[in-house]
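What follows is a short report on a single structure.
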Amino acid sequence: MKLKETLNLGKTAFPMRAGLPNKEPQWQAAWEEADLYTKRQELNAGKPAFHLHDGPPYANGNIHVGHALNKISKDIIVRSKSMSGFHVPYVPGWDTHGLPIEQVLAKQGVKRKEMDLADYLDMCRQYALSQVDKQRDDFKRLGVSADWENPYVTLDPQFEADQIRVFGAMADKGYIYRGAKPVYWSWSSESALAEAEIEYHDIDSTSLYYANKVKDGKGILDTNTYIVVWTTTPFTVTASRGLTVGPDMDYLVVKPAGSDRQYVVAEGLLDSLAGKFGWESFETLASHKGADLEYIVTEHPWDTDVEELVILGDHVTLESGTGIVHTAPGFGEDDYNVGTKYKLEVAVTVDERGLMMENAGPDFHGQFYDKVTPIVIDKLGDLLLAQEVINHSYPFDWRTKKPIIWRAVPQWFASVSDFRQDILDEIEKTTFHPSWGKTRLYNMIRDRGDWVISRQRAWGVPLPIFYAEDGTAIMTKEVTDHVANLFQENGSIIWWQKEAKDLLPEGFTHPGSPNGEFTKETDIMDVWFDSGSSWNGVMNARDNLSYPADLYLEGSDQYRGWFNSSLITSVAVNGHAPYKAILSQGFVLDGKGEKMSKSKGNIISPNDVAKQYGADILRLWVASVDTDNDVRVSMEILGQVSETYRKIRNTLRFLIANTSDFNPATDTVAYADLGAVDKYMTIVFNQLVATINDAYERYDFMTIYKAVVNFVTVDLSAFYLDFAKDVVYIEAANSLERRRMQTVFYDILVKITKLLTPILPHTTEEIWSYLEHESEAFVQLAEMPAAETFSAQEDILEAWSAFMTLRTQAQKALEEARNAKVIGKSLEAHLTIYASEEVKTLLTALDSDIALLLIVSQLTIADLADAPADAVAFEGVAFTVEHAVGEVCERSRRIDPTTRMRSYNAFVCDHSAKIIEENFPEAVAEGFEESGK
């Protein structure tokens, strides 16, 4: 027998190298075979419910790292709630209608207008479902636990029917109406867009300063006066029908030197404008309030048949321009709102493709709107006072990445103004994480206009509206309920397969159709109405779910997207929000803080991460970042996370190895019988348990990450395990000292494995497979540990905190001795602590082997007054370090005066000799193979 065989060296097959890319799919297959999702639901049946409603990702293309952040975050919450005693069914969903799928088919050569519509829509459907399957596999590869066999998809007939029922309820309350208001118009998509489909980019535009000649000054301005206006969209001058001034703003009539014209500009902008216009000097002729100029008539710059009325508007400011806004009601929301008060013509001079229409005039007809600035400049002639290029934020179609325009076209709207205050009241009742989300959503709802819900596309849910012979729109509850039932049985495809009369209730009549003839709407619904009614199609429709949901979790862009649309529809129909709480997350940027894009080559694919590092590394990254703000990720960052993971894994591996001979049923030592340092570690660990449980409750994953890393690296690796191994290796296998520490090891191992399962499910499942004494087949079926408190715990923590300070001081003294070549490693040291009475009292109260804790072979405690001048001194304590006296025990590696060669060929100290002689009589009788001496 060899001497080292008398040591209790930990043994385990748990590998140091994780091999996650290969092992994770195996665990996922095992979970699926065991149907763990269903088992967890059955286990928690009848317990308090928690419902997180999944915001549906768009079913197109591979998932990106933003999807991963979102789905992993949800999975962490679902898993932590499930293991904390809640019934948490989680139904994943997909958004499957909309323009992007049409665009994909177009790129594949599919020509929609040359096909039978039903065939085209079936192609859209099949493509969408193929993307659902692809993304489902991607999400499952990330370890996301969900009801994957029963997801919701917005193209499902039942979902479409429930969506129609939401529309019908809103229509029944009078919230759906048709109007020709200006809407965001995408010429590249040939469709109206909702606010949520807009993104902003900075662009350069040519802005023009020009003047309208006064035609009727109403006795205030004479006809030789010109009102100066500014525009950043020259094409809209073709539809300008008014000039808006601020009612309380001051305007001056000035005559530049050498000019026979006089001009009206805002007083607050005159100096800057004079410089732009080259007015070296000017004479001020009069001053007027904006309200005094109301109803003055001016001439259109080139169309003599058009008069432009001076009107009043509160949206006019002195931030830029001239303080006078040219007003084209067909091309802007403010223009429309103020223009309709004065009954100005709502002229639209750009068609659906962005081309100037015939009513713009022969010089413009057929030209692309963004290319007509030179024509406008030419038409203005000497009325043009200045032009300049400005850089400003401009709206773009989020899908095509092309600029859009405001354009008044007949559209269907969902009113927001009719019940805006009700929505705002519901926001006040909702909990937000982070808290600033409340203000953000509140302001968006407060300031938003009505919602344009119609789209001039094919792939989507049809608007269930019919028209009588006299043009009356029909969307009564009877009709929409009937359409909903048809969709539920046949899918929305039936809308395109049947004539209007066959889609209406049998025997339906309407006074507007004396001949019984009807037509149907050909527009479809905004896809945000699809997902925005999911509270009805999912949470309210499934028996195992509930409405309102406990939580909606999405990116911060969804304040103007899904959070917004869901809130509007839910309050409109039922008077309350669809959620009790909202958690929003920032965007995922690259390692330099830049937006990810194919052109930059900085996109991180979750699939690539899973192949290189494993999904658990990506999951640990999610837990490591502050998602309240934008977060950064790169392969380098993931490499750093992987290194942290390695430290956690290897520490837990040490615990597995050193509890391999520990049976909790027979070997556990009661807390009261633990050693002082073991009690301290138990208390510290239970504080960690409390921190983690609280952080899960608050969805604060970063706190969990930091707390676990600190506990593993500082409390365990750098302190407790650093000296505990000398006990568990050296002491007799069944000794009280060893079993005490193993009790703490095992308690930490089992509980931290459970606590980390929501974040690292593959790794903890692997660890769990080595914990043969635990009853649950899978750790996911276990319950989260509760934090315990202990008597005198605060006093214990205070005492050990003081010791940690002393330990740091002692380590400094040992380091100085090491540098002076007095010792090599700390076990070569004889440390003398010169202590004040207070420090002596502390060391006595700790009731511990201080030499063991400081990892020195010999320790002496002396009076502080006896400290030599060269001692390493601190307040109340000083240290000297000498080389320990004696020989190195081959078994304990400590220097001990009692170390000597024994009769059984072992060069060991008395303590090790006693252990050997009591526990290895055969070796004592036969002698060890080699002594090393």
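Numbering starts at 1 and runs along the chain as it is shown here.
Each Cβ is built from the backbone N, Cα and C atoms, and glycine gets one as well.
Owing to the predicted nature of the structure, the values given are computational and were not obtained by experimental measurement.
Database features (Swiss-Prot):
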BINDING   GLU554  L-isoleucyl-5'-AMP binding site
BINDING   LYS598  ATP binding site
MOTIF     57-67  motif ''HIGH' region'
MOTIF     595-599  motif ''KMSKS' region'
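A 10 Å cutoff on Cβ-Cβ distances gives LYS598 (ATP binding site) a total of 7 other Cβ atoms nearby, all chains included. Packing against the motif ''KMSKS' region' (595-599) from elsewhere in the chain are residues 64-65, 587-589: each is 6 or more residues past its ends and has a CB under 8 Å from a CB in it. DSSP states for the motif ''KMSKS' region' (595-599), grouped as helix (H, G, I), strand (E, B) and coil, give 0 helix, 1 strand, 4 coil. Listed in sequence order, GLY55, ASN70, GLY561, TRP562, PHE563, SER584, GLN585 are the same-chain residues at least 6 apart in sequence whose CB falls under 8 Å from the CB of GLU554 (L-isoleucyl-5'-AMP binding site). DSSP assignment over the motif ''HIGH' region' (57-67) gives 3 helix, 1 strand, 7 coil. Regional average pLDDT for the motif ''HIGH' region' (57-67) in the model is 94.
GLU554 (L-isoleucyl-5'-AMP binding site) falls within a strand when secondary structure is assigned with DSSP.
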